[in-house]
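To keep things clear, I will list the structure first and then write my remarks on it.
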Amino acid sequence: MKVKMLSRNPDNYVRETKLDLQRVPRNYDPTLHPFEVPREYVRALNATKLERVFAKPFLASLDGHRDGVNCMAKHPKSLATVLSGACDGEVRIWNLTKRKCIRTIQAHEGFVRGICTRFCGTSFFTVGDDKTVKQWKMDGPGYGEEEEPLHTILGKTVYTGIDHHWKEAVFATCGQQVDIWDEQRTSPICSMTWGFDSISSVKFNPIETFLLGSCASDRNIVLYDMRQATPLKKVILDMRTNTICWNPMEAFVFTAANEDYNLYTFDMRALDTPVMVHMDHVSAVLDVDYSPTGKEFVSASFDKSIRIFPVDKSRSREVYHTKRMQHVICVKWTSDSKYIMCGSDEMNIRLWKANASEKLGVLTSREKAAKDYNQKLKEKFQHHPHIKRIARHRHLPKSIYSQIQEQRIMKEARRRKEVNRLKHSKPGSVAIVSEKKKHVVAVVK
């Protein structure tokens, strides 16, 4: 005779202490939960709406400069320290936690054109309109000491940019040519040039540290190899590139900020076609900086806004602007990937959250769980039209909004013209050029 017994393990339903939550057995069979998807949709909708409600990205404004902020640099070892150089030759060191200026140096006559920190964080370098390169101690002078640079190099021409090697005591400057300097010497180790126009910025690759990229005012982006002391190859675009930034996670990928309102992400192994064209700005893009994760970058533009782009998307996920913020000259993403700093024409450095609706401070475990759950819900329903519309909507200043409409009309007119030309010409006589290839003129090796 068979005897059927019910067997239950008390561990599955009995609380260990009376403070614990009651354990509820759940059957996950979808036929027993016919309203699960509608319920999740409502939760996703509410989560998306609340994300827009709590989107308050602006954190602080650091004021103190007496002229427009022209360049910025991050401290490699300290998250709270940031350096900025202004158009009146003044360099300031800021403490972000106290939101105060902790040191002021009158570094140059005229503009501070570039600033960079040494990889160990003990000193930093500045270049200016007075044709000098100066090295300064990161710590302030002792009691009774004068504010003096450690080293000063007097050059023959004006230097427009500087960047330090990520591992060695070597730095690069740019002006009429790219010069590689040893910190101990007063003359460059090697000088590299390709063309005759002035070079606006130079950047070392953070992974393949012997590679450099530079952009010149003759519309070139030139790549150099420090070991061979020769240029490798260059790509010529339709319009001038203001600066480039290397992806800190992918050795061969860099993004260029261009005058034609776009950003171009290139793979240096195949420069004839950009990997992605990032379009959203309505004026020249002046600066770009990658997040430490390498998944996103932030761009600063002449249209008085900054935008955050995912690397693999052509449209920005976020746009930040304020009524007071004028043309944004420089932008930096902090090393903990949480904050963005931008320096603009009206003498202010602004601090923003990289994720606009993120809650600052310590999260409890329940808050973390709710945040992760809401994030998954938003990802699940992200293509639903109603949720997509709410998540994408951003309020824009009237000037930017009207320029976007105007450019849309112009773009549509160009597209219509191309379609008509194709329609009324002999098959095969008019080549169809993709959006990516349109802007690249030539690649020279």
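Glycine is treated like the rest: Cβ placed from N, Cα and C.
Any TrEMBL annotation is an automated prediction that lacks curation.
Since the structure is predicted, the reported quantities are computational estimates derived from the model, not experimental observations.
According to TrEMBL, the feature domain 'Sof1-like protein' maps to 354-440.
Looking only at the repeat 'WD' (62-104), the predicted model's pLDDT averages out at 95. TrEMBL lists 62-104 (among others) with the feature repeat 'WD'.
The annotation repeat 'WD' is assigned in TrEMBL to 278-319 (among others). Nonlocal intrachain contacts for the repeat 'WD' (278-319), taken as residues 6+ away from its ends with a CB within less than 8 angstroms of a stretch CB, comprise 57, 242-250, 253, 255-265, 325-333, 335-337, 340, 342, 344, 352, 354, 356, 394, 396-397, 399-400, 403-404, 407.
Same-chain residues lying 6+ beyond the ends of the repeat 'WD' (321-362) with a Cβ under 8 Å from its Cβ atoms: 50-63, 65-74, 76, 79, 82, 84, 86, 94, 96, 99, 286-293, 296-306, 308, 371, 396-397, 400. The repeat 'WD' annotation in TrEMBL covers 321-362 (among others).
The residues of the repeat 'WD' (62-104), classed with DSSP into helix (H, G, I), strand (E, B) and coil, number 0 helix, 25 strand, 18 coil.
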